[in-house]
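Features as listed in Swiss-Prot:
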- ASP54: active site, nucleophile (ACT_SITE)
- TYR113: substrate binding site (BINDING)
Amino acid sequence: MTTRYKMTMAYDGHLFHGFQLQPDQRTVQGTVEDALKKMTKGKRIIVQGSGRTDAGVHAIGQVIHFDYPGKTIPANRMILALNSMMPTDIIFNNCEIVNENFHARYSIKGKWYRYRVSLDHFVNPFKRFYTGHFSYALDVGKMQEAAKDLLGKHDFTSFAASGGQIEDKVRTIYYVNIAKDEKENEIVFDFIGSGFLYNMVRIMVAALLEIGNGRRPVHDLKRVIAAKDRQEVRQTAQASGLYLYHVFYDEYHKNIDRTGIYN
C-alpha cells in the first residue's frame, strides 16, 4: 500500500546541478529522495518532478509527486517532516494527498516561467546568482511589441537548444509580459505556455533583448519562428535569471494582472 503525495516546493538553484538525479552531483531530486530514504529506513522512493530545471535555475513553484509506502502520513505532517530535513536552499510550501491518476509531469496543462535581467552597469555581486545581466540600452516598448509574435501555437524549433529529447517542437504560448522594475533596476519577463522546450525561455529572452537593443527588427521573431533553425538565435540568456514560477494542473487561468500576480 502506498499513498501519493503532491508537493509544491521552492529552491535556490545556485548550488544545485539541476533538478534531475545525477551520480555524484548535488541535485534537487537527489536531496529529496535522500530525505525520503531516511524516513523509510532505506527504501528508495522515486520523486517525479513537473520539469527538470538546469543547473543554476531556480523555482518558486516546482511540483513533485511520490508514492510513500506503509501507513498514510497526514499531509500537514509530511510537509513538516520533509522541511525539517531539507537544506536551507529548499523549502516545501504545500502538500496534498492525491489519487494515483495524478502525475507531476504528465498531468500538466501549462507552466509559468519568469526571467529577471539586471540592468546595472556592472554585475551586482548580490544579484549575480539570481538574475541575468544586460548593461546596454533597451527599449522595453519594442520588446513588448515583439513578444506578441510569440503568442499562439507555433513550431518553436528555432528556440530549442540541442540536447533536448523531445521531437515535437510545437507549443502554445498563452501570455507574455515584459515590464521594468524601477526599484530593482531590472527587466522582468513572464511567459505562460502549454509547455517549453529545452532552454526555450532563455533563448526567447536572448532574442527579445537583441530586439530591445536594436540588433534585430521589432518583428524579426516571425521570421525566426518560420525558419525553424536554431542558428537564427545563437545566444542563450544565463541560467541564473530563470525561475519556474507556477505549474498549472487545471486549464490556464487568465486572471493574471500586469504585475504578474496569479490569482
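Even glycines carry a Cβ here, placed using N, Cα and C.
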Between the residue listed as 'substrate binding site' and ASP54 (active site, nucleophile), the C-alpha gap once rounded to whole angstrom: 13
Chain-internal residues, separated by at least six, CB under 8 A from ASP54 (active site, nucleophile): GLY13, GLY18, ASN199, ALA239
Assigned conformation of the residue listed as 'active site, nucleophile' - DSSP reduced to three states: coil
